Amino acid sequence: MEIPVDQTEREDITSEKMAQINPLPVHLGPWKITVYDQENFQGKRMEFTSSCANIMECGFDNIRSLKVECGAWIGYEHTSFCGQQFVLERGEYPRWDAWSGSNAYHIERLMSFRPICSANHIESKLVIFEKENFIGRQRELCDDYPSLQAMGWGNNEVGSMKVQCGAWVCYQYPGYRGYQYILESDHHGGEYKHWREWGSHAQTFQIQSIRRIQQ
């Protein structure tokens, strides 16, 4: 004998079955960034909760200030996620030099951006290797290192890297200066076997400081 089920119970059962059939994606966010076409949060503004490959398609000629309200993001110098990379963590960036930090290079353009889905400041693990293709001396990192040489790495280059957990930003010089390279556990399978895979702007093996990206 079938036991009667009211409409509310039927909906609950259906929802539960659907959740089992279609599990939620691993990366749900939330992410939120607000960009402005003038410095100091003036001018035209637009909010985003997902990637933007070309800000010009939204009527902007450039991004000159921004606010990150949720999540961590990567900003790119050029459209289609190319050029120099800038890690954008929660906070306010009134001018281009706020996101380029102590970068030795004067770059005022920010034309595309996307969320960093794998950022996890608490659980982050990175293995660096002396040579490309994961060969040679290696070192496991689980913390922030303003100077790899002071940590005992011994030289100013890293040949290849494996991101086992989280997301990391590597810098060309000590003290988190110079070119930024964002490495993620959900890109390239977390494996970066050569500097050419660090980003379209990468030109050298030189990395001298590394830190975890905060979500």
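Backbone N, Cα and C define each Cβ position, glycine as well.
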Of 88-93, 118-123, 154-159, 190-195, the range Swiss-Prot tags as region 'Connecting peptide' is 118-123
What residues in the same chain, six or more past the boundaries of the domain 'Beta/gamma crystallin 'Greek key' 1' (31-70), come closer than 8 Å to it by Cβ-Cβ distance?
79-81, 88-96, 98-99, 108-115
So what's near the domain 'Beta/gamma crystallin 'Greek key' 3' (124-165) in sequence-distant terms, Cβ-Cβ under 8 Å and 6+ beyond its ends?
118, 174-176, 183-185, 190-195, 204-213
